[in-house]
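Novice: Pulled from Swiss-Prot, these are the listed features:
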type: BINDING; residues: His130, Asp155, Asp159, Cys242; note: Mn(2+) 1 binding site
type: BINDING; residues: Asp155, His157, Cys242, Asp244; note: Mn(2+) 2 binding site
Amino acid sequence: MYKQGEPNLWTGRLDSETDPKKFRHFQTVTFEDLSKLEKSSMPSGVGILGYAVDKGVALNKGRIGAKEGPDAIKQAFAGLPDLNQCETLVDYGNVYHDHEELIDTQKEFAMLAAKSIANHRQTFLLGGGHDIAYAQYLATRKVYPTQSIGVINIDAHFDTRAEQQSTSGTSFRQILEEDENTDYLVLGIAQGGNTQSLFDYAKEKKIDYVFADELLSHVSPTIKDMIERFVHEHDVIMFTICMDVIDSAFAPGVSAPAVLGLYPHTVLELAKRIIPSDKVSSVSIAEMNPTYDADNRTAKLVANLVHHFLK
């Protein structure tokens, strides 16, 4: 079920009503009905769409609450300064789960997300469970039907479980099994968060991955080169971040809190090798769970990641 954006979420400190250099995002955001959006001849600006769904988390035996994530992130983002002076910033609202099967909600989200991807230079998709990634892939493939897609996931988990239905832990297996013209790179894998069968599947499918342990102090030149080579080798990049990759000291409000997780600045450093590329079709950020957040710490962290990713 799709609902348009809620203006009441977008509030913040008012420094000026006339000087754009003092504006914050709540002063520049607009709202549109994404279901009625016509294709633009020239993509521009930024589109935001929420995936207010945690059904996949529940099916994956995780702790629920991430369906409230998109609104919490938008509220935190609203008060940040508009340093980029975006020519267009549109909150398209959220998609909610009201179907019998999760896959039907994913397909509904994908149809709408594809419109934003086709119409904007940047599209941010806010979760919600990490089953958003499969929906993001469907949207990407709709916009780019023949191009090679490189999927980059900053995550503690492979999320390549073999299940009978979509869950927050199956997205990337679904992608790899359905589409031979995709490859998968995972940054931040937790050795204690993935079974041997998942490592075996990664070997079988030639999934490139980097352990979290290799990223705790710095991002080495070897890893930077790996990312840049992966970006170079693909026509389109689908970029996604699962917030459970970040240590719970910084991100307590997630579906599965991390022990020995990454520092936020490490995630930013990794993203610097990805975001500047014009190949990035969209960015999704998943598993922000307000139910377990402290002082809105995790919502603010996601909001600041989006803020840093604006270009």
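Each Cβ is built from the backbone N, Cα and C atoms, and glycine gets one as well.
Help me picture where these features are in the structure shown.
Specialist: With a cut-off of 8 Å between CB atoms and residues at least 6 apart in sequence, the same chain places His130, Asn153, Ile154, Asp155, Ala156, His157, Asp159, Ala286, Glu287 near Cys242 (Mn(2+) 1 binding site), listed in sequence order. Secondary structure at Cys242 (Mn(2+) 1 binding site), as computed by DSSP, is strand.
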Novice: If one looks at the chain holding Asp244 (Mn(2+) 2 binding site), which residues at least 6 apart in sequence have a CB under 8 angstroms from its CB?
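Specialist: In sequence order, the residues whose Cβ lies under 8 Å from that of Asp244 (Mn(2+) 2 binding site) (at least 6 apart) are Asp155, Ala156, His157, Ala251, Val254, Ser255, Ala256, Pro257, Ala258, Gly261, Glu287.
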Novice: Could you tell me which three-state DSSP class Asp155 (Mn(2+) 1 binding site) falls into?
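Specialist: Once the DSSP labels are grouped into three classes, Asp155 (Mn(2+) 1 binding site) ends up as coil.
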Novice: I need the neighbours of the Mn(2+) 1 site defined by His130, Asp155, Asp159, Cys242. Which other residues of that chain put their C-beta within 8 angstroms of the C-beta centroid, in sequence order?
Specialist: Ala133, Asn153, Ala156, His157, Ser168, Gly169, Ser171, Phe172, Thr240, Asp244, Val245, Ala286, Glu287
Novice: Among all protein chains shown, how many Cβ atoms are found within 10 Å of the Cβ of Asp159 (Mn(2+) 1 binding site), not counting that one?
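Specialist: That number is 28.
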Novice: Measure the Cβ-based neighbour count of His130 (Mn(2+) 1 binding site), defined as the other Cβ atoms within 10 Å of its Cβ.
Specialist: 35
Novice: Using the CB centroid of Asp155, His157, Cys242, Asp244 as the Mn(2+) 2 site centre, which other residues of the same chain sit with their CB within 8 A?
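Specialist: Other same-chain residues near the Mn(2+) 2 site: His130, Asn153, Ile154, Ala156, Asp159, Gly188, Gly193, Met243, Val245, Ala256, Ala286, Glu287.
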